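What Swiss-Prot records for GLY81, 84-85, SER89, 91-94, 109-117, ALA121 is 5-phospho-alpha-D-ribose 1-diphosphate binding site, and it gives sequence analysis as the kind of evidence. The anthranilate 1 binding site annotation in Swiss-Prot covers GLY81, ASN112. The feature Mg(2+) 1 binding site is assigned by Swiss-Prot to SER93, GLU227. As annotated by Swiss-Prot, anthranilate 2 binding site applies to ARG167, with the evidence given as sequence analysis. Residues or ranges marked as Mg(2+) 2 binding site in Swiss-Prot (evidence: sequence analysis): ASP226, GLU227.
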Amino acid sequence: MDAFKTHLAIVASGAPLSREQARAAFDDLLSGEVTPIQAGAFLTALSVRGESEDEIVGAVSAMRARMLPVAAPEGAIDIVGTGGDHSGSYNVSTLAAILTAACGVPVAKHGNRAATSRSGAADVLAALGVKIGLPPEALARCLSEAGLCFMFAQTHHGAMRHVAPVRTELPFRTIFNMLGPLSNPAGVTAQVFGVSRPAWAEPLTRVLATLGSRRVWTVHGSDGLDEITTTGPTAVVALENGAFRHFTLDPREVGLPLATLDDLRGGDPEHNAAALGAVLEGTRNAYRDIAVLNAGAGLVVAGAAGSLAEGVARAQEAIDSGAARGTLARLVAVSNA
């Protein structure tokens with residue numbers, strides 16, 4: 001572990017690691033051969049100084065090399081966020097993924113249990129009856145038959161167990177909070193990617209581009225949500241055709257009313273599952289509005305809608321026609337088969 005000590009000394013000095021050095025350092029971290037003290041010191045020093053783009057690229061490369069992959073159809077996307085916005089909101093990206101899949105775009109959703117909220121994607125899907133922690137073959141079947149799968153991070157990133165105790169002991173977020181969302185096991189190249197810190201938006205979009213993504217909307221709500229929000233404007237950094245573009249979205253521009261954070265506040269997995277089911281049954285409320293907005297973005301990123309307004313309209317129709325309800329029912333059935 002002399003090489004890791006060298007990398008630790010570089011980070012502790014305040015200097016950045018090269019992409020190759022970061023890849024090597026995270027290979028060591030994920031191998032389980034680094035002591036807890038060394039791992040804690042390394043992650044703390046990185047967090048205090050702030051991670052460079054090359055360090056994130058190297059770290060994600062190490063994560064992806066060790067993950068359990070899933071075969072996904074061409075054109076599959078993910079709708080995911082870094083979490084950590086402490087909003088306690090409904091499971092927006094989960095419902096948006098269901099709506100997007102109901103519109104014919106395969107969604108390889110990657111997520112975990114709750115970190116800073118009461119209900120993560122894994123929690124609410126389990127409450128809805130979806131079997132969690134499936135092997136790659138079963139997930140490929142979900143994608144083929146339901147157009148949607150849920151890849152449980154703990155199943156696909158087993159090497160994370162080596163750093164989990166250290167992360168639990170540290171009273172702050174580390175680079176690993178962004179590595180999971182950047183390491184989709186299905187290798188999707190189109191994403192709606194929510195960030196809880198506005199400073200992350202541009203660098204993480206560039207990281208995704210470096211790692212092979214072709215079309216990305218990285219979003220941060222003005223209220224702090226790691227989603228496209230309906231309480232006000234959302235800042236977007238878009239990767240399209242190799243170019244980067246910055247713009248702001250307002251839900252009123254696509255016919256959706258403004259909401260408050262209280263309107264979007266959820267509860268435990270059972271509460272959120274009931275709310276999600278109610279939307280699929282036709283309930284019109286703030287949860288529906290924010291979900292169709294994010295699904296609309298997913299359709300744009302997938303190339304299945306020419307504008308956000310068109311994407312939102314298609315997501316609305318997926319609910320009203322019962323298609324979205326059918327997508328969830330198929331996912332529940334196939335995942336438990």
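Note that Cβ sites are derived from N, Cα and C of the backbone, with glycine treated the same way.
All protein chains included, GLU227 (Mg(2+) 1 binding site) registers 29 other Cβ atoms within 10 Å of its own Cβ.
In sequence order, GLY81, THR82, GLY83, GLY84, ASP85, GLY194, VAL195, SER196, VAL219, HIS220 constitute the residues six or more apart from ASP226 (Mg(2+) 2 binding site) in its chain with CB-CB distances below 8 Å.
Residues within less than 8 Å, Cβ to Cβ, of ARG113 (5-phospho-alpha-D-ribose 1-diphosphate binding site) and separated from it by at least 6 positions along the same chain comprise GLY120, ALA122, ASP123, GLN154. Among the binding-site residues SER89, ASN112, the residue whose Cβ has the fewest other Cβ atoms within 10 Å is ASN112. Of all Cβ atoms in the protein chains displayed, 17 besides its own lie within 10 Å of the Cβ of ARG167 (anthranilate 2 binding site). The two recorded residues, SER93 (5-phospho-alpha-D-ribose 1-diphosphate binding site) and ARG167 (anthranilate 2 binding site), have Cα atoms 25 Å apart. The Cβ neighbour count for HIS110 (5-phospho-alpha-D-ribose 1-diphosphate binding site), using a 10 Å radius and every protein chain shown, is 27. Secondary structure at GLU227 (Mg(2+) 1 binding site), as computed by DSSP, is coil. Look at ARG167 (anthranilate 2 binding site): DSSP puts it in a helix. A sphere of 10 angstroms centred on the C-beta of GLY81 (5-phospho-alpha-D-ribose 1-diphosphate binding site) encloses 22 other C-beta atoms. If you compare Cα positions, SER89 (5-phospho-alpha-D-ribose 1-diphosphate binding site) sits closest to GLU227 out of the binding-site residues ASN112, ARG167, GLU227. On the backbone, the CA of ASN112 (anthranilate 1 binding site) and the CA of GLU227 (Mg(2+) 1 binding site) stand 16 Å apart. There are 28 other CB atoms within 10 A of the CB of SER93 (5-phospho-alpha-D-ribose 1-diphosphate binding site), with all protein chains counted. Taking the C-alpha positions, the distance from GLU227 (Mg(2+) 1 binding site) to the residue listed as 'anthranilate 2 binding site' comes to 25 Å. Rounded to a whole number, the distance between the Cα atoms of ARG167 (anthranilate 2 binding site) and HIS110 (5-phospho-alpha-D-ribose 1-diphosphate binding site) is 20 Å.
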